[in-house]
Amino acid sequence: MSRVLSAPLQVAFPYTRSLGPVLGAFMTGLREGRVLGARLSDGRVVVPPVEFDPATHEAIDAASLVEVGTEGTVQTWSWVSEPVAGQPLDRPFAFALVTLDGADAPLLHAVAADGPEAMSTGMRVRVVWAESPEGSITDIAHFVPADSATPTDSRASAGGEPVTGIVVPVELDYTYEASPEESAFFRGLAEGKVLGQRCPKCGKVYVPPRSACPVDGVATTDEVELADTGTVTTFCVVNVPFLGQKIQPPYVSAYVLLDGADIAFLHLIQGIPADQVRMGMRVRAVWKPRDEWGTTIENIQHFEPTGEPDADYESYRAHL
Ligand SMILES: [Zn+2]
């Protein structure tokens, strides 16, 4: 058995961004198959358009954007031999800075080419439009070498309201590796036990264990089995829906100070209306059916009131 546990984790959410007049006009143009740039006070045209002139700091007028060509010249490039999820192409491609005809500054985008030997600085490329434009930089699906047989435009111009915002998926995949002490905690949960560790110097019990006492800076070596009952110290009522939410709001996330522990940990409170949860409320863990247990805190579905009288504030005030 490996000394430590590890698990894949994914953090993901859709990031909604309002665009403002200049970038809104740029995205609306892309949806119509047109690439727009801003003309600066020094006469240069930049794509994508900037919102403020870098020299005068004047706001750029969205109505003054100029259309540039859909062909251009590669200024520099980098070959991506192993694309990852979310990149413009799912086969090897080049990221390139492309200066479109009529522009004076390059745009970063993808070039579909047969291999790095097919790429060169100074090569001519042209836009391949996405099949379903939506007012996004991905309406330019990618670029191809200008002499490629790939059709440039396979879509009709799309009408509709001006584009005012975009939704960008943000995603982070990683592997979490638990410390040896945390691994013991998770293995304990798989047997229905809540394991903490005690500091040999100050005697405080930490759960989940942190490997060392943050007060004394010494390793915590003494394992302690805790009760699965405790006291709500602080809590919040979650009213805001979000992606991946498993419980219908409103519901309560609370810090629960397990009996015998010196630090509270976060879990859900159920079995009581959200507006009746209070500091000092006595709660117990509600475990999933035993055959569903794994090395996860989710073995405890939530905490629910025990019905005991509330704990005296003095009993937990040092643990807030
Ligand atoms: Zn200590």
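Even glycines carry a Cβ here, placed using N, Cα and C.
Residues or ranges marked as domain 'ChsH2 C-terminal OB-fold' by TrEMBL: 66-129 (among others). DSSP assignment over the domain 'ChsH2 C-terminal OB-fold' (66-129) gives 3 helix, 32 strand, 29 coil.
Within the same chain, residues 179-182, 224-228, 258, 260-263, 265, 285, 287, 290, 293-297, 299-300 sit at least 6 positions outside the domain 'ChsH2 rubredoxin-like zinc ribbon' (188-218) and bring their C-beta atoms closer than 8 Å to a C-beta of that stretch. Here TrEMBL flags 188-218 as domain 'ChsH2 rubredoxin-like zinc ribbon'.
The domain 'ChsH2 C-terminal OB-fold' annotation in TrEMBL covers 223-288 (among others).
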Taking DSSP states H, G and I as helix and E and B as strand, how many residues of the domain 'ChsH2 rubredoxin-like zinc ribbon' (188-218) are helix, strand and coil?
2 helix, 8 strand, 21 coil
